[in-house]
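Annotated features in TrEMBL:
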| type | residues | note |
| --- | --- | --- |
| BINDING | Phe47, Ile48, Ile49, Ile50, His51, Arg113, Thr250 | substrate binding site |
| BINDING | His236 | heme binding site |
Amino acid sequence: MSDDPFKQEQGIHTDFMEKMTYGDYLELDTLLNSQKRLSCHHDEMLFIIIHQVSELWLKLIIHETKGAIEAIDQDNLRASFKMLARVSKIQSQIINGWDVLATLTPAEFLEFRDKLGNASGFQSYQYRLVEFVLGYKTPHILKIYEKEPDVYAMLEEAYYKPGLYDVAIQALARNGFAIDKEILDRDFSKTYEKNASVEKAWMSVYQNVSTYWELYELAEKLVDIEDWFQQWRFRHMKTVERIIGYRTGTGGSSGVGYLKQVLNHYFFPELWELRTKI
């Protein structure tokens, strides 16, 4: 009897001349030929792949978050929980990617840094889309994408739409909580700022968990996402500091200085402040 497990599996398909293969389905020829080094340096491949993988994860975060927004808007909070939990798992994977990139030393990065020109992760339109969907709106950022009309239009649409926290607050109102009209009818192109009526509503949810379990669970899912996002920002900042120190970024930002500033921003401020007051 053969010890080869492949030979023992008589049902395995081997003729794919007229059938779709794994590679066909995933378009691996396109995917695996998308890493174009601009230098001859070995480590540039690492740099490219880490960023491409991050962009794929960001695409899935956007997909899941939009699905969650739709579910919350339809008062199907339970359906949103799975999507939001998945977002958190994806975020943990992106954070792990920084550990891999951190194996790139300053000397190695300098071998190909000049080939990047002004290209920078700061210009990632999917990252901006995630920020917009989470409610952090920065109008001056849009100018970066004028070169790509389709991308600009997509970002502009998200810029004026309610974000994840907006639909969560609207769910509070539909459940009988007195939310200020100025919040419910606010200009969604502005970054959300904390509000006393929203904090009071969430406080009531946390003080009456059994009564408002679904809203409570939604709030905790939002806190999970923000927690992971802050960890991602911190690892990003420390990885940049480790590789280029306090140099100016290739995109023209102050680099580590800028990344430290954004650490202070919260998407869902009331959900953090109530922890001190509850």
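Note that Cβ sites are derived from N, Cα and C of the backbone, with glycine treated the same way.
The structure displayed is predicted, hence computed values, not measured ones.
Of the binding-site residues Phe47, Ile48, Ile49, Ile50, Phe47 has the largest number of other Cβ atoms within 10 Å of its own Cβ. Listed binding-site residues: His51, Arg113, His236. The one with the lowest count of other Cβ atoms within 10 Å of its Cβ is His51.
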